[in-house]
Each structure stands twice: as structure tokens, then as C-alpha cells.
Amino acid sequence: MERENNTVVTEFILLGLTQSQQAQLLVFVLVLVFYLIILPGNLLIILTIRSDAGLTAPLYFFLGNLAFLDASYSFIVAPRMLMDFLSEKKIISYRGCITQLFFLHFLGAGEMFLLVVMAFDRYMAICHPLHYTTVMNPRICYALLLALWLGGFTHSIVQVALILHLPFCGPNQLDNFFCDVPQVIKLACTDTFVVELLMVSNSGLLTLLCFLGLLASYAVILYRVKGHTSEGKHKALSTCTTHIIIVFLMFGPAIFIYTRPFRAFPADKVVSLFHTVIFPLMNPVIYTLRNQEVKASMRRLLSRHMVC
């Protein structure tokens, strides 16, 4: 059973979201209904942007990628959580736990960097409109997309590398409904102070800096919008307001979880549920509901296929 890195534990027991059977059933139904309604909406957003030749601006290119990232992100936790609700014993293998943790931070960091890119896109469109098409050309957009994927991979591989060097030789009960850094580190059979410090630097500090940078960039954009015409001002304000809502939904829970020492708080599981399942599926939908061009394109797409 012993692994090369002194790991004796071969599986983890997930204690789940709650021990109450009634609460589990309620959460199961709510998450399942939400998942079955919102996930197809994300896929429809991707299909709409891909099929409409009028939605080729960088804003829609990045929105389609946001929908893809969020849909993929929700697949990491939600399906297994729903199956675990129906299982008496919730077990995940050591390899499965590390894999889940890797993709959770890979896609999560990728989305974080994508929101930074989308803020840069809005800054160029609103503050430097004459240079927008030159700077945000297709080649630059794809380069930014590649950079954010590489950034997410680098962030995640550092997390996993630090955990792989920890010995797990005793307790194997994770007080959560999925594998994440704070809970896994606490089960290591060694002093984890330095590792926790590195994790907080890698996840928490990075998240906080991105969040503050995004708020500063949107503050600059909103300040510059004051000089626009009423129509242009309304459109810019609507777009920026939507982006700011998503920034708070994405970064608020992440800051709560990763920018403090890894101690358990009563609200941790609820915050994690919204961070890993609810908000990722809602983000593209919120963008779409406030974007008239995408909504009109979706109506055309649906009516065309319904007529056929």
C-alpha cells in the first residue's frame, strides 16, 4: 500500500455537505434542477456565438470561452456530488482526489485570468476605441487565450506538486464534498505551516491581487465613461456592471477560502457549494441576459431550429 512519497492513505472519505438526510435530499433536488436547467443554457450560449457570424467581436469570443470554462468547471464537482448524495459511503481514491484538485485549480485559475483579459478588452474598447481593432485583433485574442490556459496550468501544477510531497499516513476523512487544498493539507502527517504559507501565496495572494486589479480597472473605465454620449454611456455602464457582478461572484468566495489560514469555518461548505457549482453556471447566463445582441441571436437560433 505504501507509495513512493511515503503516502499510506490510498483513499479519502468525503464527509459531504451535511449529515442530515432531509437536508441532503433538498440540496440534491435543488442542485440537480439547477444543473439541468442552467448547463444547457451555457451550451446554448457557446453554440449561439459559434454559429452567428455577427458575434465575432472579441467580447463574444471571450464570452464563449467563459461559458466553456464554467461548464467544464461545474463538471469537476457537481456530478460526483450528486452521485455521493445517493451513496451511503462517499469515497474518492488518492489519485482521484489529486486529479479533481488539479482540474479544479486549473480551470478556476483559467477563469480568473479570463476575467482579467475581459477587463482589458473592455478597457481598450471604451478608453481607446480608435486603437481597439488594432490591439484586439484575432491573433492577439488567441495569444491571450493561450496565455490564460498556460497560467491556469502553471498555477495548478504548483498546487499539486506541493501536495504530492506531503506524507498521508493516518486520518483520511475530508470534511467536505470534494477534494480541495485546505482540507487535504490538514490530513498530512507532518507540519504543514510552510506548505500552507506557499498555498496561500499561490492561491490567495494571486486571487486578491487580480480582484483588486480588476476593481481598479473598472473604476478607471467608469470614470472615463462619464464623458461619453448618453447612448454610449448606457451601453458601457451596462457591460461594466455585468462584469463587476461576475467579478464579485467569482472572487468573493475564492478570497474567503484561500486568503486565510486553512482553518475550518461553519460557512466553508456553503461558500464552496456556491463557488464550485452555482456561480460558475450562472456567470455566462448573467452576461447573456444583459447583452441584447446575444439574446437576439439566441432567439433567432431557437426559432430557426424550432421551425425546422
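Just so you know, the numbers here start at 1 and follow the chain as drawn.
In case you wondered, yes, glycine gets a Cβ from its N, Cα and C as well.
Because the structure is a prediction, the values reported are computed rather than measured.
Annotated in TrEMBL:
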TRANSMEM  25-47  transmembrane segment
DOMAIN    41-287  domain 'G-protein coupled receptors family 1 profile'
TRANSMEM  59-78  transmembrane segment
TRANSMEM  98-120  transmembrane segment
TRANSMEM  140-164  transmembrane segment
TRANSMEM  205-225  transmembrane segment
TRANSMEM  237-258  transmembrane segment
TRANSMEM  270-289  transmembrane segment
Could you check if the transmembrane segment (237-258) is in contact with the transmembrane segment (140-164), meaning 3+ Cβ pairs under 8 Å among residue pairs at least 6 apart in sequence?
no
Count, for each of 25-47, 59-78, 98-120, 270-289, the Cβ pairs lying under 8 Å from the transmembrane segment (205-225), and report the range with the highest count.
98-120
Ranked first among 59-78, 98-120, 270-289 for CB pairs under 8 angstroms with the transmembrane segment (25-47):
270-289
So what's near the transmembrane segment (98-120) in sequence-distant terms, Cβ-Cβ under 8 Å and 6+ beyond its ends?
59, 62-63, 65-66, 69-70, 72-73, 76-77, 80, 92, 144-145, 147-149, 151-153, 155-157, 159-160, 163-164, 178-181, 184, 203, 206-207, 210, 213-214, 217-218, 243, 246-247, 250-251, 254, 276, 280
Hey, which bits of the same chain come close to the transmembrane segment (270-289), Cβ under 8 Å, at least six residues off its ends?
17, 27, 31, 34-35, 38-39, 41-42, 45, 63, 66-67, 70-71, 73-74, 76-78, 81, 104, 111, 176-178, 180, 242, 245-246, 249-250, 253-254, 256-257, 295, 298
Across the domain 'G-protein coupled receptors family 1 profile' (41-287), what does the pLDDT come to on average, as a whole number?
88
